[in-house]
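Pulled from TrEMBL:
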TRANSMEM  A:6-31  transmembrane segment
TRANSMEM  A:67-86  transmembrane segment
TRANSMEM  A:98-117  transmembrane segment
TRANSMEM  A:137-158  transmembrane segment
TRANSMEM  A:164-184  transmembrane segment
TRANSMEM  A:196-222  transmembrane segment
Amino acid sequence: MNENLFTSFITPVILGLPLVTLIVLFPSLLFPTSNRLVSNRFVTLQQWMLQLVSKQMMSIHNSKGQTWALMLMSLILFIGSTNLLGLLPHSFTPTTQLSMNLGMAIPLWAGAVITGFRNKTKASLAHFLPQGTPTPLIPMLVIIETISLFIQPMALAVRLTANITAGHLLIHLIGGATLALMSISTTTALITFTILILLTILEFAVAMIQAYVFTLLVSLYLHDNT
Amino acid sequence: MNQPLQRSVGGEPVCSQGLRPLCSAERETLGVRECTCISDESDGLLEFCDVPLKEKKLLEVKLGELPSWILMRDFTPSGIAGAFQRGYYRYYNKYVNVKKGSIAGLSMVLAAYVFLNYCRSYKELKHERLRKYH
C-alpha cells in the first residue's frame, strides 16, 4: 500500500524517454486559437473567460505592470488547466512536482523584484522597513523583512505543490478506504463515498483557486515593484 | 466554368443539370473539403484509370499492397509533423470548429487522454486487481 500511494507521483518515463514533456504540453492542445471575429463555441467560451479574468486581474496595475498581462494570463491558464487535468483518473499532474513549481515561481518573482530594484531603487529598498517602526527595532525588522522577501518564491512553489499533492493523496486514500470497507460494512462505505464526492468537489475548486492565488501573488509582487 | 454549389440536406454537394461536383482531397486542405461544379463532359480528362499507389488512401489499398504502401509513406520529421497536423485539423474541423459544437468534442479528447494514461501506468495498476495470487 505504501508503494502504491506514491507511484502516481513518479515522473512518467517510457523506454527511457521523458513522457512528461508530452504531458506538460498537452493542455496547449485544449486552447485552440482563432483569427475570426465570431468563432466556434469552444473558442468563444475560452475568449470570454480569458477576458473576464484578465480584466479582473490586470485592472490594478499601471501601464508598466500591464505589459505582464500575457505572462500572467498564460500562467493562470496553464496552472488551472494542468490542475484540472490532474483530477482525471490515472493522469499525472506536473504541478505536484516541486521542481516545476520552483521553476515557475523563482523566475517570475525574481523578474518582479529586479524590475523594482532597477526602476524604483529607493522605493524598493524602502519596502524593507515598514513605516512607523520604533528606532531600536530597526535592525531586527530589516532582517525579518529580508527573510520574508526571500521566502516569497519558496512559499509560492511549496503552496502549490503541497495543496495539489495533498488533495491527490487524500483522494487516493479515501478511495482506497471506500473499496476496502465495501466488503466489511456497506453503510460506512457509503459514508466514506459521500466524503469522497465532497472531496472531489473541493479538489475541483482547489485546482482553480490555486492557479488564481499563484497568479494573484505574482501580480501583487509586480504591483509593488512597478 | 464554375457554377455555385448547392448542398443537399445530407451535406453532400449537388450541382445543377449537366454538371458534377469535384471535391478536393480532405487531407490536402486540412480537413475541409472544397468543392466546385464542373462540366460533365470533362469526365475522361480528369479521372485517372490507375491512381498511383502513393496517393491512395488507406482504405483503398489492397491487402497485398499494404507493406509497400507503408514503406512509401513519408517518415521524415516534417512528414510526421505534417501527419500530426493533418490529424489534428481533421478532428478539430469535424468536432470543434462547427456551428453548434457540443461537449462531445472535448470529452472524446479527455477520454483518450485517460485511456493513454491508463495504458502507461498499467504495469503498476495490475498489482491492484482483486486476485488471490498476483
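Cβ atoms here come from the backbone N, Cα and C positions, even for glycine.
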* Asked: Is the count of Cβ pairs under 8 Å between the transmembrane segment (A:98-117) and the transmembrane segment (A:164-184), pairs 6 or more apart in sequence, 3 or more?
  -> no
* In terms of Cβ proximity under 8 Å, which residues at least six beyond the ends of the transmembrane segment (A:6-31) contact it? -> 46, 77-78, 81-82, 85, 90-92, 94, 96-97, 100, 165, 168, 172
